[in-house]
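K.L.:
Just lifted these from Swiss-Prot, have a look:
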BINDING   G15, A16, T17, G18, S19, G20, K21, T22  ATP binding site
BINDING   T17, G18, S19, G20, K21, T22  substrate binding site
REGION    40-43  region 'Interaction with substrate tRNA'
REGION    164-168  region 'Interaction with substrate tRNA'
SITE      S106  site 'Interaction with substrate tRNA'
SITE      R128  site 'Interaction with substrate tRNA'
Amino acid sequence: MPDSFSKIPIPVILGATGSGKTATAIALAELLDAEIVSADSRQIYKELDIGTAKPTAEERRAVKHHFIDELEVTEPYNAAQFATDAATRIEAIFSTGKNVVVAGGSTLYLQGLLQGFSKLPENSPEVREKLYADLAEHGATALYEKLKAADPEHAATLDPTKTQRLIRSLEILEVSSKTVSELKAAEILKPGFHFVPFGLALPRERLYEKINLRTDEMFKNGFLEEATRLFEKYAPVMRQGVKINALATVGYNELFSFLEGKLSLDEAKNLVKQHTRNYAKRQLTFFRNKFSADWINFAETDENALETAKQILMKLKKANPFC
């Protein structure tokens, strides 16, 4: 990578789901003549549109987005792959003379890109199959306690009910005989860019109100129909034990339970809102603990994306004059 690329400031728009990241990133990208690198672990998948609040076709025509609609639902992908691929993509964008704006809320994607990542072992289908059998027989709590005994530091960062990361952590332990914490303490692979994080802050009550309103809007725009298409397409293979991580997502989880007859539609809708609010709370906790971001009070700009983008640009120019 040319040394000059490492000196170009790259604004990173952080924030909880529903906080206004997409609109702010687009406004900032238009001001900077930039392309957007999306750090969202679900928007990268095709077919997951309404449920992931993917930028609209019009928004993507206005500003080029990367890592949107690039993978099939069944393709596995992780934070280390994203960090590596995003670094390559950023270098390619800089080579065209454009600037870059990073935007997203996927905590591990952002951490890997901004702070580097440890080299973790490849997936082992045999070990994963055994662990999923253990999960079915003993339940998530038993597996979480097993991880907690071996790696309490890493276990404390996990939600015990989210089995995807739990299984992966135990898989790493069995494959490498080392814990995730031990591997993370080893050599960190860091992209050599100058990232400048900005966070979008809203009063919690307002954020939760926006999440509830956005969820209602998603259902008006056809979220149930989208989930039904995905359920009809992928449920048969999932019933055979095939794990599709992309569909283990807030919104789709609850609607799949409705389609299986386990919940009423109203119950599913309310759970989507509740689980999205819970996720937003975890995102904010992670961002504040892990990143030294300049937090912008989104309410002070009346939640106006352009005004917020101008404020970010002013701060960016003051600290890093480049445009």
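From the backbone N, Cα and C atoms, a Cβ is placed for every residue, glycine too.
Mind mapping these onto the model and telling me what they sit next to?
P.N.:
Using a 10 Å Cβ-Cβ cutoff, T17 (ATP binding site) registers 21 neighbours.
The Cβ of T22 (ATP binding site) lies under 8 Å from the Cβ of A53, P55, E59, A103, each of which sits 6+ residues away along the same chain.
Sequence-distant contacts of the region 'Interaction with substrate tRNA' (40-43) (same chain, at least 6 residues past either end, Cβ-Cβ under 8 Å): 51-55, 67-69, 77, 79, 82, 104-106, 108-109, 246, 249.
Residues 128, 131-132, 135, 140, 143-144, 147, 158, 245, 248 of the same chain sit 6 or more residues outside the region 'Interaction with substrate tRNA' (164-168) yet have a Cβ under 8 Å from a Cβ within it.
Sequence-distant neighbours of S106 (site 'Interaction with substrate tRNA') (same chain, 6+ apart, CB under 8 A from its CB) are A39, D40, S41, R42, A79.
The Cβ of R128 (site 'Interaction with substrate tRNA') lies under 8 Å from the Cβ of I167, E171, K243, each of these being in the same chain and 6 or more residues away along the sequence.
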K.L.:
For the region 'Interaction with substrate tRNA' (40-43), what's the model's average pLDDT?
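P.N.:
Within the region 'Interaction with substrate tRNA' (40-43), the model's average pLDDT equals 97.
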K.L.:
Can you count the other CB atoms that lie within 10 A of the CB of A16 (ATP binding site)?
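P.N.:
For A16 (ATP binding site), the 10 Å Cβ neighbour count is 28.
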K.L.:
Please report the number of other Cβ atoms within 10 Å of the Cβ of G15 (ATP binding site).
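P.N.:
I get 28 for this one.
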